Amino acid sequence: MSKVLYIKANIKLEGVSRTFQVSDHFIEEYKKQHPEDEVVVLDLYKENIDFLRPEDLEAMADINDETKKNTTFLKYAFQFAEADKYVIAAPMWNLGSPAILKAYFDYITITGITFHYTAEGPKGLLQNKKAVHIVARGGEYGNAPYEMGDRYVKTILGFLGVSDIQTIAIENLDIIGADVEAKVKEGKEKAGLVAKEF
């Protein structure tokens, strides 16, 4: 049995968010194919993920039984490390991802939990895991330099040791005359195919 962490990083409501329309469909199809797996939903806005404070940095520098017990945000790092698969639903906002997703990655990028330092430099501890990033974009931003959200997600996951990473992107949703319904439907179809093999 695998544990799937479904990370939702969008303040828009269910049914309104085009990203969530596709990511929720992905999860539905995944559950059909993998009924024995556990899916844990983590809505970053409902969790009130915040920016790191000075005391958080101090706790990161000295992780022991006391800091594990008294440092609330560390639970997210342990939760992330314990998952086998990650579904990250985050739209493109202003060429990147919502700031709350970056804040979340700051919570979970913890020495000794998700990566560590070796004589050769940092090494990710999250080996043999896989991820899919589902993103809706207003225009066509699939390539650099304007696209910085998906590239960041892939880079930070790679830093943590996750090497099997896919992207499901729904683009050109805000272009004048775009058939948004058809594009979302196309995104759902792609999501369904990826979910079967995920």
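Along the chain as shown, residues are numbered 1 onward.
Glycine residues also receive a Cβ, built from the backbone N, Cα and C atoms like all the rest.
The FMN binding site annotation in Swiss-Prot covers M92, W93, N94, L95. If you draw a 10 Å sphere around the CB of N94 (FMN binding site), it holds 9 other CB atoms from the protein chains shown.
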Additional residues surrounding FMN, by Cβ distance to the M92, W93, N94, L95 centre under 8 Å: P91, G96, S97, M148, G149
